[in-house]
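Participant: Next up is a structure, given as structure tokens.
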Amino acid sequence: MKPLPLPKQKNLRADCAWVIYQILEQGKSSRECLERVQRRHNARDNAWLQEMSLGVMRRLPLLQHWLRSLLDRPLKGNKKVIEHLILLGLYQLSFSRVSNHAAVGETVAAASYLNATGLKGLVNAVLRNFQRENLADKPVDDAIINSGLPKWLFKAIENAYGDDAEQVRNETNAMAPIWLRVNKLQTSLAAFTQALDKAGVEYTLSANHADAVILTKREDITALPGFEKGYFAVQDGAAQLAAHYLKPQANERILDCCAAPGGKTGHIVESAPDTQYVLALDADATRLKRVEENMTRLKHTVDIKQGDAANPDTWWDGKPFDRILLDAPCSATGVIRRHPDIRWLRKANDIDNLAQLQRRILDTLWGLLKPGGTLLYATCSILPKENMAQIQQFLADTPDASLSPIVKTETVDKPGRQITPGEQQMDGFYYARLVKSAD
């Protein structure tokens, strides 16, 4: 599909349709697209843009099902974006608090901002017919459509989780809470929560995370007490387990591989402030800037390098590491509830390619680990091929690698801890801890 320029004049619904088009037709991430359009809107409208565009991602199969029943034939070329505008209209009518009058009228008007004034009648007719036929109240007897997931992912979850698959799918579509990690080098949990209480911020604590706060409603993170002073970082509860499982100690050399945006790096420093050296490595220069920004705000000192994890000759100083955190490139299927566009950006054949890349990096980093050292393998995936199966094969192929169980139920046949979305309010994550023999 041809690239579509951003509408010359700002319009909330036209800009939202452009975001949806960029994700579905150009394979762009929602974060990248939203950042572009949000530069020209106010904070309230930006929240609306995010809610609506990501809402369409969550409900896409059902919205497309309705669209196919209402549209005589697909639109093509530079008019394809009008289909995405209609999807937005259907979402507003079915799943939002937008009034029906505005959902139809404003969506029809937005066609002009997308250089499709001649299609305003079509947009109006489709949305009016949707209301007339009362499609929103008619159940669709198709589990895949109702799941909000692409067929390949629906089946992958079914195969991996069996009787629990429906719960995993439902949690994948749920809204994710915002977790904060208190930076205990700058404040304490008690002092930070006292500041939140004073500011009227609603939150809960986690029984399983010593430094975590879970916000119970959406907040402007930058306006929270202590943001500029580095009192906290935004980090999901599952990601907060990385430093706990890695167990960094004083006077160690530690590598955080694929480190951006730096949440786990910061937590490593906070867990072992007297450690000798922490290297945050990532291949993406743009994302490394976020690591730098986060470390500066949190007042942490680490070494930050750009480099390919599978090619250490370009960045490694030749000194082995005591501990390595490999947050491996993955399908990110465990964080779809937080980033709904991922389900449409990922394809079935990506999983095999990612598994091969993960193994290549794992083999490479194993050679950089000291005898007796620890490597923590982590992904934000819920698919066994990237997780349990990956570690099973690595252990079978690597004589000097052994499993250091995180949970009591682990065996070499079932290594690691798989966290599913929604478990203790966390994202989906996988961890396996490996130790290199000292001989």
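Even glycines carry a Cβ here, placed using N, Cα and C.
Here the structure is a predicted model, which means the values were calculated and not measured.
Grabbed the feature section from TrEMBL, which reads as follows:
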ACT_SITE  CYS380  active site, nucleophile
BINDING   CYS258, ALA259, ALA260, PRO261, GLY262, GLY263, LYS264, ASP282, ASP308, ASP327  S-adenosyl-L-methionine binding site
DOMAIN    168-437  domain 'SAM-dependent MTase RsmB/NOP-type'
Participant: Could you tally the C-beta atoms, other than its own, that fall within 10 angstroms of the C-beta of ALA260 (S-adenosyl-L-methionine binding site)?
Facilitator: 25
Participant: Using only the Cα atoms of CYS258, ALA259, ALA260, PRO261, GLY262, GLY263, LYS264, ASP282, ASP308, ASP327, which the record gives as binding S-adenosyl-L-methionine, return the largest interatomic distance in Å, rounded to a whole number.
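Facilitator: 20 Å is the greatest Cα spacing among the residues binding S-adenosyl-L-methionine.
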Participant: Enter the number of other CB atoms within 10 angstroms of the CB of GLY262 (S-adenosyl-L-methionine binding site).
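Facilitator: Summing over all protein chains shown, GLY262 (S-adenosyl-L-methionine binding site) has 27 other Cβ atoms within 10 Å.
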Participant: Could you tell me which of these recorded positions, CYS258, CYS380, has the fewest other Cβ atoms within 10 Å of its Cβ?
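Facilitator: So among CYS258, CYS380, the recorded positions given, the one with the fewest Cβ atoms within 10 Å is CYS258.
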Participant: Would you pick out, from the binding-site residues LYS264, ASP308, the residue whose Cβ has the largest number of other Cβ atoms within 10 Å?
Facilitator: LYS264
Participant: Do you know offhand how many angstrom separate CYS380 (active site, nucleophile) and ALA260 (S-adenosyl-L-methionine binding site) by C-alpha?
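Facilitator: Cα of CYS380 (active site, nucleophile) to Cα of ALA260 (S-adenosyl-L-methionine binding site) measures 13 Å after rounding.
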Participant: Check the DSSP secondary structure of ASP308 (S-adenosyl-L-methionine binding site), expressed as helix, strand or coil.
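Facilitator: ASP308 (S-adenosyl-L-methionine binding site) sits in coil per DSSP, no helix or strand.
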Participant: Per DSSP, to which secondary structure element type does GLY262 (S-adenosyl-L-methionine binding site) belong, with helix, strand and coil as the options?
Facilitator: coil
